[in-house]
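Since the structure comes first, as structure tokens, the remarks are kept for the end.
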Amino acid sequence: MHKAKTVLDFHRMKAEGEKITVLTSYDFPMTGVIDAAGIDMILVGDSVGVVVAGFDNTLPVTMEDMIYHTRAVMRARPKAFVVADMPFLSYQTDLKSARLNAGLLVKEGGAAAVKIEGGVNVAETIAAITAMDIPVMGHIGLTPQSLHRMGGYKVQGKGDAQAEKLVEDARAVEAAGAFAIVLEGIPMGLAQRITAELTIPTIGIGAGPHCDGQVLVIHDILGLCSKYSPKFVKRYAELAPIIGEAVANYIADVKGGTFPEERHCFK
Ligand code: KIV
């Protein structure tokens, strides 16, 4: 049995050099499996819109979707620390609605923390939410909700000026009170520099090995998402063909009259 994680664990882990493991999860059964395996943190990501709902990007995801999926995750009573993503338009328009929506993810969803995309531009929002005692995780670099500004899912922080801007963003997120920050799609040297400079843990995705922890999308590592597989993903299983074979066997059994058998029937 592993102990339930809190924000204090992540600061200790950074100080002691213990890597922080993070995966996304969006439902009850998957959460039970990955929690029992010992994952440190679960992110109910707005990536749910892409890998579960089939949208082309995360922009259509709503607060209703995020509360629904966060509740499903929390019903598994995970020992992992659960962070819920704030979806597009739930925190960008004004501080009052940002505070209310963060509160709803905690009060109705049951999450322990929320995640917000952006740097200097959302520092005031991070400060307003942390002032309500809701821990906030920042997210800079390749921020999927900024897809149209970036002109696609492109690595960020490549030139000197862009790199300096990201360092400034990271500092602003930490100064605003975030307990951790996701660094997505940035050069590994830049991620190493930000990790060394910040006192809060950095969680990398496509940001190299020097971050304090790593996050990946569960569907990507299990081979359940065939549409798109980014360079930074490592596949630990290929479940799509296994599921396909099981379903083909079921179809053959039903069509051939070999299922159900007597042991599956009531008398
Ligand atoms: O939505 C998500 O899953 C994320 C992670 C990939 C960092 O933001």
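Cβ coordinates come from backbone N, Cα and C, glycine included.
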ASP46, SER47, ASP85 bind 3-methyl-2-oxobutanoate according to TrEMBL; which of LYS5, LYS14, LYS115 goes with them? LYS115
Same chain, |i - j| six or more, Cβ under 8 Å of LYS115 (3-methyl-2-oxobutanoate binding site); the result in sequence order is LEU43, GLY45, VAL83, ALA84, ASP85, MET86, VAL136, MET137, GLY138, HIS139, VAL182
Cβ density check for GLU117 (Mg(2+) binding site), other Cβ within 10 Å (all protein chains) comes to 25
Other than ASP46, ASP85, GLU117, the chain contributes near Mg(2+) (Cβ within 8 Å of their centroid) the residues GLY45, SER47, THR58, VAL61, MET86, PRO87, PHE88, LYS115, ILE116, HIS139, PRO144, GLN145
